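Student: Just dropping this structure here.
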Ligand SMILES: Nc1ncnc2c1ncn2[C@@H]1O[C@H](COP(=O)(O)OP(=O)(O)O)[C@@H](O)[C@H]1O
Ligand SMILES: Nc1ncnc2c1ncn2[C@@H]1O[C@H](COP(=O)(O)OP(=O)(O)O)[C@@H](O)[C@H]1O
Ligand SMILES: Nc1ncnc2c1ncn2[C@@H]1O[C@H](COP(=O)(O)OP(=O)(O)O)[C@@H](O)[C@H]1O
Ligand SMILES: Nc1ncnc2c1ncn2[C@@H]1O[C@H](COP(=O)(O)OP(=O)(O)O)[C@@H](O)[C@H]1O
Ligand code: SF4
Ligand code: SF4
Ligand code: SF4
Ligand code: SF4
Ligand SMILES: [Mg+2]
Ligand SMILES: [Mg+2]
Ligand SMILES: [Mg+2]
Ligand SMILES: [Mg+2]
C-alpha cells in the first residue's frame, strides 16, 4: 500500500513534502522518495526505510525548487527492492517526468508484455511503469493529453501524481478506489492521500478529488477536467475499517467517527451480555471498542498495552525465542483482566494467528471469558486494488466458518459485523458507492484470473551455464 | 533514566536479556548493552541506539554463556556518548566484572576527585564508575564483600546488578528509590527493573527486592542479606505517575490501576462541571483520563492521535519548518472536538511548552473550551535520583502560580492533583514511604548543593597551543 | 575508461569474474559490477568503489550460475553515478540481457535523441544504452542477429560483452580500438580486456579477438563471424604508452617490452648527455626509464618513491593544506638526487601541473639539473574513443610549444618522442594499424563536432516552481 | 608496529598530524588516531582503518588547537580492537594526558599484574597503559617528572609522545630501538618516527632524538635532558632492512642507499655467475636488487609487477579460489623472464610460503633458473621490541638450513647476506650500536621467558553459568 503527496508553488516544496510523507507514513513503511522540480530539471531521492531516517537536512538540500511530489511504499516480499521505490523518474522525449502512484492496476502484466514486444525496456517490476511508457510513446501534443491517453489504457485503482519541469498533474481513477485530497497553503496547492497530511502542514482542506477527475497545476493556475469514461463508484471501504489514520476525513466522513459507528453497529449486531468490560486491540481497535462500549453500556478499559518500539518489521533474533512477535508488541494488564469477562474488539482477522495469540494472552493474564468482536465482515478475498492481503488460501475466513474460527482463536464467542451493518456505518447501506470485494468477492473491474501474478514456471535453458 | 535486566542459569542468557531489555526500552532509548558470562570470561556489546537495532543475531551469538546482565540508558545531552553506555565491564585484580546501574549517586563527584588524587584513571563520566574503582581497590576477600564496602561509600539511588565470571549480585539502595524485581524462569533466576520484562519472557514474578537488600546468585544458589544501615523508604513516586510501563506492578501495586486512581482522585479534587468529554494526552495520559471519566461521569473519547513513527529523538530538518515537534507526534481529531468543552488529562507539566501547543492544537481543531487536568502536583524541583528533569529555572512551576501557568498554556482552566491526593492514590497519604522531592522539595539524602554538577570554569593554559 | 571480463561454462563463474575484474582494476576504479546467469535468469550487483571492497563472499553468493560478465569503470565527474555503472542489465521482450562495454560511441547522442522521439525511456547517461534499446526493438529472430543489427547503427569504439540466460556474445568494433582477448580455462571460455586477467586465473591465452569479430558461446560451442563492413585498423596506441598493465600482451606485443622500447627510442631521439642518472616517475614511467638507461648507458636509479596508500581519489581535507596532492603520492630520495644531473622519464604530460610539481620536488631534493623525457608525443587532442582526457583547452600541448612547456614545468630540458619514433617502437612506423588521434588529430571516424557533449543551455520554464 | 607524529605551536596542528600520519602509514595500517589540545582540554579521535579514510574534514574540525599527537598501529590478530588504538587519552588527577607509543615493553605483563593488585583498572590490552597508570599514581610535582618516574619502571623499546593540555613530551628509550626525529616548521616543533613525514609537510629536519633523551616542549620553549641510566645502543637493524620507507634518513643514513649497499654486499657474498638479469620482489626488494645489479654487472629489469590495489588485508572471498594471495599482489612479465636465468632479490624470508609462490610464478612464466638472494641473514628469532614477527616455530630459518629452505622454496640457489655483511652495510661491522636479535638471538634486554605472552589456560568456574 502507498501514500502520495504533492505541492506546487512553495519555496520549500521538498521540506513540506517531507512533512506530508511523515504524516502518511502509516500508508507505507518500506521505502520513501521525493522528486522536486526547480523549473529546469527534476532531482530525486529514494531509499528503503522510514521517511524520518531517509530525509535528513543534507538530502533535502539537494532537492531544491518550488514543486515536489513524494511517495511512501509498502509491498509484499517479492517486490521489496529499491528499484521499485517511487516516485519513478525518467527522461523521455518530452523532458523529465516523475510519477507517484497509490493503487494497483489489474491489466498491467498484459500491457507490459505488449510494450516489451514493441521494444520497451522496463526498469522496475512496478505496474506503474506501464503508464510511463505509454506517456513516452504518446504522440499527443501536451503532457496532460499524453497522460490521459496512457491512463485510458489501464484498468484498476490509481490515485496518481505526475511532476514535470513545469507542471503537477493529479488523477483519481473513475472508481475512486483510493483517496486523494486537494488543499491550499497560502499561494500553493497541495495534494495528499489523506487530510492528516494537510493538517500537519496547516494547509486548508479544499475538497476531495472526484473519481475520474484530473487536476493540472501550472503557471496558468489550477485546471480540472473529467477526461475518462464515467463508471460507478468503488471507494475502498477497508480504508475506513483499518487503513487510514483515524484523524483523517475520508470520502466525506471522519475515519474516527466511522470506526466508532462500526463499533456501535457491532454492539447492536453482536452483543456480549454479561461481559464486565470492553477492551481494544490497540491501536487500530480503539475507536470501534469505544463505540462498542458506548452502545452496549459495558465500561471501556485498557487491557492491552502497545509497545512504542515495535514496528511491522520486527525480526526475532534466534530460533529458540521465536513466537515472541505479538508479545513484544502487546502486553496484557493483569489487574484489569483478572477474573473478568472481557469483550475484545479488533478491526479484522486475516490469518487468525495473531488473534489466537491475543486471546491466549488475555486468558493467561486472568480473563475468565474472552468475547472477540470484529468491526468488519470476514475477510474472504484478496484485494487487487492496492492493499497487501495474502492469497485466498491464507485468509482463514475463506475456508472456515465463524464458529471454526472462534474455535481456532480459542475465543469463547466470536462475532463479526454484517455487510449490511458495514454499509450502514459508512452511510451507504446498499454499498453502491464502495468497493467491498475483500468481504463480498464482488470485484468491480470484472473477472480477475490472477492476471497480475507473474508465472514462476521456467526451465533451465543451457546446461553449460547452469 | 535507565532499565536493568539480569538472568543466571539459562543456556540462552543473552537472548533472554535482549528480550528483557526490549520490554524495558521505555526506561532508556539512547544506548543499550549486554554483558554475558560463560563461566570463564565476560563478553560485552554496547552501542548507541535501540535494543532491536543493536542486538541482531550475529551480535547475540558473540555473547555466549549461562549468565548475562543488560542495560538501557537515557541521559541528558552532555553525557550522551558511547563511553558512558552500560554495563560497564572491566578487568581488575579479581578478574572480570560488569555493572549495570539504574539511579544516580549524589556524592559521586567528590568520591571521584578523591580516587583520582589516589591515582585512579576513569574511563567514563558515569557516576557508576566510582563503585567499580572502590571494588577494584577493596581488600575484602569475596566479591560481595568488596561490593558492600564500595556501596557503603556512595549515597543516592541505585538498583544495581554486578556480573562476574561466576556470580550475579543484585543490590537495591536503602531508600529503595528505583524498582528491582526478582523472577524465576524454570531453573534460572531473573532480575529486572519492572515486571513487564518478566511477563514478556514468561518468567514467574517472585517478589520485589527490599530496599537495602543484596541478593547473590552463584553455584550454591540464591543468598539474600541486608548489609547496609537501614533508613526510611523513599520509593520514587514519579515512577507511578509517569515513568513505568502501565502493565507493570510497581512497589506492590499496578501502575495502570494507580494511574486510573490518580485520575479519579483528580476528578474529585479538580472537577470540570459542564464539560462534554474527557480526552487524554496519549499515551501517558490515557489511564488517568479513563479514571477521570469514570469518576466524573463525563464520557471518555479520543481527541488526539499519537503517531507510531515519532520517538523522542525527532529532529526537524530545516530552520523554516521548526516547531512541528508536537504536531508530528500528535494530531487532533476535529470531528470529536468540534464545538466541545473538553477536559484533557496529562501526567505532568515540565516546561509548559508542550502543553501550550496541545491546548492550541485542540482549539484550532474546534474545541470551544479546554480544561487541562494534571495527575501529579506541580513539578517544582529537579530530581537528583535518576530521572532526567531540567534545572529549576526551566521548570515552569518553580516560578509560576497555577493561574499563571494556565494563562501561559492558554487553557480555560488548569487543575493539578494535590500532594495529599497523590499520596492517597498510591496508598500512603502521609508519603512516609515515597520520595516526592520533585513536587515537595524534600530531598531525603539531605542538602544538595549541586555536588554532581561539574565546574565548567577553566582558563586556557598555554598560548602556544591554543 | 573501462575493463571487461566474461566467462562461460564454469561452476564458479562469478568468483572468477571477481578475480578477473581485480586484475583489470587499473582500467577503472570508480564502480564495478558483475551479472551472472544460472541458465534461467540473470542476477546483478553493481556498486561504486573498488572490486575488492564490493564483492564480499555474501555478495558473490547471490550471483550463482555457470556464466558471468563483469565491468570496471572510470569516468569524468558528471557521469559518476551508480545508474551509469555497468554491466547494464534489463528485461526486454526476448528475456534478460546484460551488457559490459569498453570504449565510447561517437554518434550516441543523435541515436538517443531519435530513440527518445520514438518513445524510448533511458535509465542511464551511458552511450551503451542506445545499443540495448536497438536490441530490444530489433525484429531479428536471434539474439546475435539483433546485436549485429544494433551495432551496425553505432559508430566508434567498442569491445563489448553481452550475456543472456543462455549465451555470451563478445564483439570488437571494426577499428579494434580497444583490446579484447580470448582464453580457455579447462572447459570454460574466458574473455578479458587484457591478458593479465587470464594469467591471474591461470587461463590459457588463445588469441586476441580480431577487429570486427563477433564470438558467440552457447550450448553448441564457440562460433566466430565477421558481420560488419571491414575498415582499416585503429588500435589505441595509448594503451601501450600508458593505459594497459605492463605484464599484459597487447595487440600482439608485450606492453612492458614496448614501453622499454619507447624508452630506448626516446634516448636515441632525445639524449641527455652529461646526465648522472636516469629515474622514472613511478610506476608508469619505470619501463621507459629502464629502456632509456640501457640505451644511453646512464645508470638507472630510484629517485622518487610512490606511496602505497594513495589512489586517484585522494581528497585533501582542508583548504589550507591543499596542493599536497603530488607530494602525498610521490616522495623524493634526497641522497640519490643530491648534486646530480637527473633525467626523469614519464609517459605523457596532460595539463603540466603534475610534471611541474615533480620537477620542483626533484630540485628541492638537491637535483642540480632536471631533464624531463616523455615516452609519447605531445598530447594535443582529446580522445573520443574511451580514454578520459580533458578538453583541448586544458591540454597544455595544444597551445604551447615544447619550449614553453619546458619553461612552465621548470625543467632544464624537455624532450618528447616523435610520432615516427612512437610508430617504430610499436612496430608500425607509418601508423596504419593504430589510432594516434590524441597526438596527431587524425580521428579515424571522421569529423567530430562535439556530438557527444550534451547541451547545458536551458531556461527556467515556470516561475511558480522555481 | 607503529608510527608516531606530534606537533606543537601550529594553528592547524591536527591537519598537519593527519598529513604526518599519512606519510607514516606504512608503519601501521590497522588503526589510526589523533589527539589535539587547544590549551584547555584534549579532543581525541581513533578508528580502525587507514588514515585517509578516517580523518575526513568534519572529523579534523573536531580536533582544534595548537598541539596534537597521532599514531598509526599494526598488530597481530589478538589485540586488533578499537580499545587498543592509540593515542590513549585519559583523565587523571593532574588533568588530561594522551600517549602515542612505538615499540614494545618486555616487562609490561608483570607490571600490570602488580598494578591490578593495587586496584588499577585497565582499559586496554596495550603494554603502553602501564606507563599511564604509573604517571597517574606518581607523587612527583611536574608531568615530566611523573613521566620519568613511570618510564624508569619499564624495560624495552619505546619512542613515545605525551600530550597534556599545555605540554608535549617526547622520549626515546636508552637503547634507541625505534627511531624518532625532531623537525621545525616555521615556529612549531615537529616529532616523527621517520624523516619522510617531515619532508611531506616541508618541515626542516633538525636531528634524531638521542637514545635515552627526553624533550619537553611548552610555553617556555624546548628543553632536552637525559634522565635515564645510560646503556649500549640497540637501534633496530630491521628498520633499515625492511620496515622504514626508503626515502627516510634513519639512524643517520639513507634507507634507500643502505638497502642498495646491502644489495652490493649481497652480490659480493652471494654472486650468481651466468645469470641473465636481476629482478626485485617489488617494492621492498627494489633498492637491494638495483645494488646487486650494479655490483654484479648483471642487468636490472622488472620481472614482477606489484598491483596498486592489494593491501595487506586482502581476503579471498571463497574457499575454492584460495591461494590467489600472492598472484593478486604480484604478476610476472613473461617476455622479460622467458628462457632467462634470473636473480631475484628480496629483503627477508619469514615463513617461506610467499617466496615459494614467487619462485613458482617466475618459473611458470618461463624463467629457466631462479636464484633467490636475500638482503638480510636468516630470520631465526622473534622480535620482542615492536616488530610483528611470528613465533619461532613459524620462522622457517629457525629449524631449516639454507639448503633446506632453498629446496622448500624451489629456488635453484638461495643466498643470504651474512651478519658481518649486514653490519658492514650499515656502517657498524661489529654491530655494537644495533639490535640484531631476530637474526642473532642476542636480546639486549636479557633473558626473555615469554613474559609478554598472556597465559590462555583457564578452567570454567561455575556450571550454572557456562
Ligand atoms: N494512534 C492511533 N490510534 C488509533 N489508531 C491508529 C493510531 N495510529 C494509527 N492508527 C490506525 O491503526 C493502524 C495500525 O494499527 P495497529 O493496530 O497499531 O497496528 P497493526 O497494523 O499491527 O494492526 C493504522 O493503519 C491506522 O489506521
Ligand atoms: N501503550 C501505552 N499506553 C499508555 N501508556 C504508555 C504506553 N506505553 C508507554 N506508556 C507510558 O507512557 C510513557 C510515554 O508516554 P508518551 O506520553 O507516549 O510519551 P512522552 O514520554 O512524550 O510523554 C511511558 O514512559 C510509559 O509510562
Ligand atoms: N607496478 C607497476 N609498474 C609499472 N607500471 C604499472 C604498475 N602498475 C600499473 N602500472 C601502469 O601504470 C599506470 C598507473 O601508473 P601510475 O604512474 O602509478 O599512476 P598515474 O595513473 O597517476 O600515472 C597503470 O595504468 C599501468 O599502466
Ligand atoms: N615505493 C616503494 N619502493 C620501494 N620500497 C617501498 C616503497 N614503498 C614502501 N616501500 C618499502 O617496502 C615495504 C613494503 O613493501 P612491499 O614489498 O611492497 O610489501 P610487503 O610488506 O608485502 O613486503 C615498506 O615497509 C617500505 O619499507
Ligand atoms: S478489495 Fe477490499 S481492500 Fe481492496 S479496494 Fe476493495 S474494499 Fe478496499
Ligand atoms: S525527585 Fe521525583 S522523580 Fe526523583 S526520585 Fe523523587 S519522586 Fe522520583
Ligand atoms: S585518441 Fe589516443 S587515447 Fe584515444 S583511442 Fe586514439 S590513440 Fe587511443
Ligand atoms: S629483534 Fe630484529 S626487528 Fe626486533 S628490534 Fe631487534 S633487529 Fe629490530
Ligand atoms: Mg491492529
Ligand atoms: Mg506523555
Ligand atoms: Mg604515472
Ligand atoms: Mg616485500
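Each residue, glycine too, has its Cβ placed from N, Cα and C.
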Student: Name the one residue among C:284, C:401, C:418 that TrEMBL lists for the same Mg(2+) site as C:346, C:347.
Tutor: C:284
Student: Work out how many Å separate residue C:383 ([4Fe-4S] cluster binding site) and residue C:2 (active site, nucleophile) at their Cα atoms, rounded off.
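Tutor: About 14 Å separate the Cα atoms of these two residues.
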Student: Rounded to the nearest angstrom, how far is the Cα of residue C:347 (Mg(2+) binding site) from the Cα of residue C:435 ([4Fe-4S] cluster binding site)?
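Tutor: Counting only the Cα atoms, the answer is 17 Å.
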Student: Taking only same-chain residues 6+ apart in sequence, whose CB is under 8 Å from that of residue C:346 (Mg(2+) binding site), what do you get?
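Tutor: C:280, C:281, C:284, C:285, C:355, C:358, C:372, C:373, C:374, C:375 - these are the non-local Cβ neighbours of residue C:346 (Mg(2+) binding site), listed in sequence order.
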Student: Around the recorded [4Fe-4S] cluster site, report the further residues of that chain (criterion: Cβ within 8 Å of the mean position of the Cβ atoms of C:236, C:383, C:435, C:438; site residues excluded), sequence-ordered.
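Tutor: Other same-chain residues near the [4Fe-4S] cluster site: C:177, C:237, C:238, C:385, C:387, C:436, C:437.
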Student: Which of these recorded positions has the least crowded Cβ, counting other Cβ atoms within 10 Å: C:2, C:236, C:383, C:435, C:438?
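Tutor: C:383, out of the recorded positions C:2, C:236, C:383, C:435, C:438, has the fewest neighbouring Cβ atoms within 10 Å.
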Student: Residue C:236 ([4Fe-4S] cluster binding site) to residue C:347 (Mg(2+) binding site): how many Å between their Cα atoms?
Tutor: 15
Student: Quick check for the class: what is the C-alpha distance, in angstrom and rounded, between residue C:2 (active site, nucleophile) and residue C:347 (Mg(2+) binding site)?
Tutor: 20
Student: Can you check which residues sit near residue C:347 (Mg(2+) binding site), meaning Cβ under 8 Å from its Cβ, same chain, 6 or more apart in sequence, and list them in order?
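Tutor: Non-local contacts for residue C:347 (Mg(2+) binding site): C:241, C:242, C:259, C:281, C:284, C:285, C:288, C:374, C:375, C:376.
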Student: Determine the Cβ neighbour count for residue C:284 (Mg(2+) binding site): the number of other Cβ atoms within 10 Å of its Cβ.
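Tutor: Neighbour count, Cβ to Cβ under the 10 Å cut-off: 20.
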